[in-house]
């Protein structure tokens, strides 16, 4: 199905001899078409009828706003109230209903002409009380009335009924921070003047695909050794440690050792299976660790730690003290703050895929998200994959009729066109669950060759993971579910903090977007690239870590950590997040003030 464009609208306007040179008016009409799932021809018919009842209105932005408020919204409400059980949730007038009846009649005639009576009766028998909409659904989806119709992607045409019947739409489920009279709308001109850049700079960032699947074990060992040495040096200077002892050297006195936590088998880590593996400078050997004398600890495989303990035989270290690392410093801007103190807060929307329910390839959740963007007009939208989910049941069963790249490009084009009138800046982050993209970590950014110059100016394509600098505020982004992966491997005892806070603290103190080693089977790690592009250069002001686990917003050692949840959870609707950001100067007492004024997690 062709998408609504300004060219389509211009052609329809010429049919009615209506002239319009204002691009913003055309963009607004494209927005109305997408949000109401209406084609250009039908939208122009509605406008002409509305204009005639008002005495011949001119086509302006103000009149379009009134048209949307007085006519389209009222019509949508009356339709939905008259059809409570409508699982398709589509707006239709008398003309489209007549077209629907005509389409059903033409389909019946076509089936009768190509089948014998026996086969024809068998075809009609498929319309059972359990599936009464089989023909109706076909007629609905062959008409050009639905954006991102599943008819283009899959022979399974039934939209998700559970998603359309969800409750608590727009409910705020998490609130962080408190700002009196917080307005969840963007600036007067969203996206204008907003600087969105990769912190590392183009020359040091992962901007294109690379060759993988040929790394040597020696190279992996070198990367892990350098990580142990680098973090060990940081811990040594932080706690004023003179030197580290070899982990397997027998000693009658207490020693301080440096190493990486690992498990003595392929199973899950537990208190009896902890090994400490030293770096090359400390002998590179492994020794079992007895944790019984530690009052509290939190460990996971791959964690670089420093321990005090006794190792009288050289075969087991009885740990008595565990040293925790220190996060990197925050970004220190050198830009003068006088001009920014009176600036409006920046509204940032964060959403993570999948953008379709698990039982249908309809992009209804994505369309609803575009409507939210049009309503709230955020300055920046951070959209994380998967956009074409490899775990979707119809993709797993090969029930799609178009290439994965085509589905993806259509999805991105809908987002860019649907938010054109808003003017917000769009940031797209890939996921390892995006079936059309490189299945490797770190993951290179998407490639969108068909974007026009105007569209490309407000679109930023970034790798996974990455650190973004948005108007002087740093955002750490990763679409990989590190919370779920580390949550399954971490062990703890006697700690007062919750598991999410412990895992996030580990990420910040280990200074890595994926500190777990070995990684889970679904993460294909390229360690040479990971050493360059997977480490934190600083502690971000905001860390975005979407996960299958429960959504949250937490302050961990001064970093605001956000799990926006996923836009869909199986067959039902999920959540997204929104933040108000304002860069502030350091207070008089020298303490850093968080740039995140307030944040919320909202149900779609």
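Glycine is no exception: its Cβ is also placed from the backbone N, Cα and C atoms.
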Self-check item: Per TrEMBL record, range annotated region 'Disordered' [choices 46-76, 77-107, 108-138]
Solution: 108-138
Quiz prompt | Secondary structure content, the domain 'DNA polymerase alpha subunit B N-terminal' (7-74) (per DSSP, counts of residues) | solution = 51 helix, 0 strand, 17 coil
Quiz item: How does the domain 'DNA polymerase alpha subunit B OB' (221-325) divide up by DSSP, counting helix, then strand, then coil residues?
Solution: 21 helix, 41 strand, 43 coil
